[in-house]
Amino acid sequence: MDHAPYVLVFLCISIQGLLSENNSTSTESVHFRLVGGASRCHGDLEMKQKDGNWKPVEGLYWYRKLGNRVCAELNCGSAVSVRDRNTGSERDNWWIRSDCDESELRDCFRSESFVFSSLELNCSDSVRLVHGSSVCSGRLEVHSPQSRSWSSVCEGHLDLPGAQVVCRELGCGAPGLLQGALSGAAEAPVVQTFQCEGHESALLDCGSSGAQTCSSGTAVDLTCTDPDDVRLVGGASRCNGTVQIKHHGEWRDVEYFDYSGPWTLKAADVICRRLDCGSAVSGRRSDSSDPSYLFGSGWHISPTCLLSTSALMDCVRTDTSYSFSTLSLTCSDSVRLVHGSSLCSGRLEVRSNQSWSSVCEEDLDLNDAQVVCRELGCGAPGLLKGALYGEGEAPVWTSELQCEGHESAVLDCRRSSSAGKTCSPGTAAGLTCSDPGGVRLVGQPSRCAGTLEIQHLGQWRPVIDPRRDWDLKSGSAVCQYLDCGSAVSVNNTQDSAHRRVWSVSVPCVKLTSGLRDCVELSGSYMFSSGVDVVCSDLLPQPNISLSDGVFEVYQQGFRLLTGSDFTITCSVQPQYPGGSFQLISDTKEPLNLTLPAVNHSAHFLLSAVGHTHQRDYTCVYHVDVYNHSFSSSQSPALYLTVGDSSDRQSGAHRPGSAHMCSLPLLLLLLLLLLL
C-alpha cells in the first residue's frame, strides 16, 4: 500500500493548523524553564503564557540542535539529550511546529489540549562548545557558578584527557580535533588549567590550577566525533543499503517521511560522508511489507536540520510515530568532489587503501572526467581545472587514470603507477559536472516566467509548495540557473486538476548551486498546486535596423548622406502586447526618444542628417506585465557616419573597408540585415 498521499495530506493539514494566528504566541512573551530535574539545566521544558502562567511543552518533533537553542536561552551549556516523555495523563501543552527552524524558535509554538507527553531536556551545566559546525564542535567555554559567566580555555591548558572528559560530558563521541582559534577569537576571559585523568564525568571534577591568561587567538577549539551510530544494511556494499541509526542504545531503520521537508541528496550526503563513503549518488523510499512495522518502529531524522550541521545526531527527532517506509541510500564507494558549490563540483578525491587522495590535474583528462561525473550520478563534465576548489590536505594519488570514457566507475579504469608522485602547487584537479536533470518555466510567453517544472528521474513535473515557503531568494536560485537574472515575484498557484508533482527542499535550494541536490530522492505526489516564478531578465534583447538615407554600407555600420532623412526601427520578438521602445544615442547631441510599440516595433524618423548624428544608436524595450515594470537589455549598437559624395574621394570615413552601393544591391543588403 502506498501511504505517501495520506502522509502528504496529513502534513498539509497539520501545517495549516500550526500556522493558525489565533493559537500562535508573540515573540515578546516567550520564556523557558526546566523543572523537576537535578539542576536548573535539567528537567521538563515549560514555557510562560501571556498571562504569566507556565505550561509544559509537548515532546514530539524535537531534536538536539533545536534543544540547543533553548539551552542557550537558559544560559546553560550545550544540549546533551532530548526525550519525548509520556506523562500518562491528559493536559494542556505548548506544541512546537513540526517544520520549525531553530533560527525562528520563538515563532514555532501554539497552544494544544489533549496532550500526553512533555519534552525532557538535558543541558550541560558547566561546559559548552560555541560557534562550531555542530553541537559537538566549537570553542570551549566553562561556566563559573560564582560569577554566573562563561569563560574560554587557553589552548595550552587542556590536554587530551581533558578533551575526553568534555566530549563525554556533552554526550558526544571521542575528541577528534583539539587546537586553537578555529571557531573565532575568544572574547570571554580565560580560566584555569585543567588536569584531568580522563575518567571524570565532568570537567569541573578535574583538578585545576589558578586562573591564567593566554595570548590572543589561542582559546581552545574542540571537535568531538559522532559516535559510531549509523550504518547502511542489506546492500551490495557498506556504502549501499537501508539507513539505520543507533539512538538511546537501540538500532532502528530511519523513516523516509519527515514533517520538516523531503529527503534530498544534500541531506543524505551528511550520512554518506559520516560513513566515509564519498558522495550521495541516489536514494529511495522502501515501503515496509511487514504490518507490524507501522507506527513507532523507526527513528526520525530532520533532513532540513542536516543542511546546517555536520553531525548526524544533532538532527535525530524525539518522535517515532507514523513509520510507513524507510530510507535507503547509495553512496559512491571510491570517488568524491569536495569543497564545491554543489555535489557535482569540487576538488576530486579518490579512495584507495582505506584513505582519500587528491588527483593531479595533469593526470585527469576528459575521458577520466566523464567516468567521474557518471559515477557520481551527475551530468557531463563542464569544467576541469587545477586548484579551482583549493589544494586540500589529502595526499596525492600515486596512480594515473587511463579511462576510455565508457566505464561505470573510476576504479574500473586502467591505471599506471606513479610511486612518490607529487602535484606542483595549484594543480590538484578540480571538476565541475553539469546537472543531469533540467529546470524550466512554462506556460508564459517568456522562458523566464511561468510555472516551475523540474526534470527528475527522467520526468518533467511541476514543483509542489505545501508549506508556502518558496520566496524571492529560492526563486532567484531558479532564475540564476536559467540565466534569467533574479526573481521579482514567486507565487503559489492552484490548478483545477490534480497532477503528479515533485517535492523540493526550499532551504536546500538557498544553500547550493545545484538544484539536483534539492529534489526529493524518491516518489512524486498527486497535487493541484504549483510555484510560479517571474525573473528580472524577462525580455529578449531587441533588434535595431536602418532604412532610408543610406549612402554606403561598411563592415562596422552605415554612412548616411548629409542632409537626408533616415529611419531607425526598433523591434522585439513577439511575447507581450504593448510596451514602448526607447532610442538612445551617444552622439554629440545625445538622443533619448520613446515611442509606443505597434506590432512589437517602433519607427524613429530623423531628418536633415548632419555630423551631430554620427556614432552609436541602441534600442531598449519596456513593458508592464505581472504587476511589474520590465526593461530589456540594450540592442546591439548601430554605428552611423555622415558624409556626401566628395567624402568618398577624400577617404574621410570611419576606418574599415567601404563599398559604393548601387540601389538594387543596397536594397538587397538591407533586406538581408532585416532578416
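Glycine residues also receive a Cβ, built from the backbone N, Cα and C atoms like all the rest.
The disulfide partner of C518, as annotated in TrEMBL and taken from the candidates C508, C535, is C508. With respect to C206 (disulfide bond), the closest of these disulfide-bonded residues in Cα terms is C315, chosen from C315, C403, C413, C508. Comparing C508 (disulfide bond) with C305 (disulfide bond), their Cα atoms are 10 Å apart once rounded. Ranked by CA distance from C413 (disulfide bond), the disulfide-bonded residues C196, C305, C315, C518 have C518 at the top as the closest. The Cα atom of C305 (disulfide bond) lies nearest to that of C518, taking the disulfide-bonded residues C196, C403, C518 as the candidates.
With helix defined as DSSP H, G or I and strand as E or B, the domain 'SRCR' (230-332) counts 21 helix, 38 strand, 44 coil. Here C315 (disulfide bond) is positioned 18 angstrom away from C518 (disulfide bond), judged by their C-alpha atoms. Counting other Cβ atoms within 10 Å of each Cβ, the lowest count among the disulfide-bonded residues C315, C413 belongs to C413.
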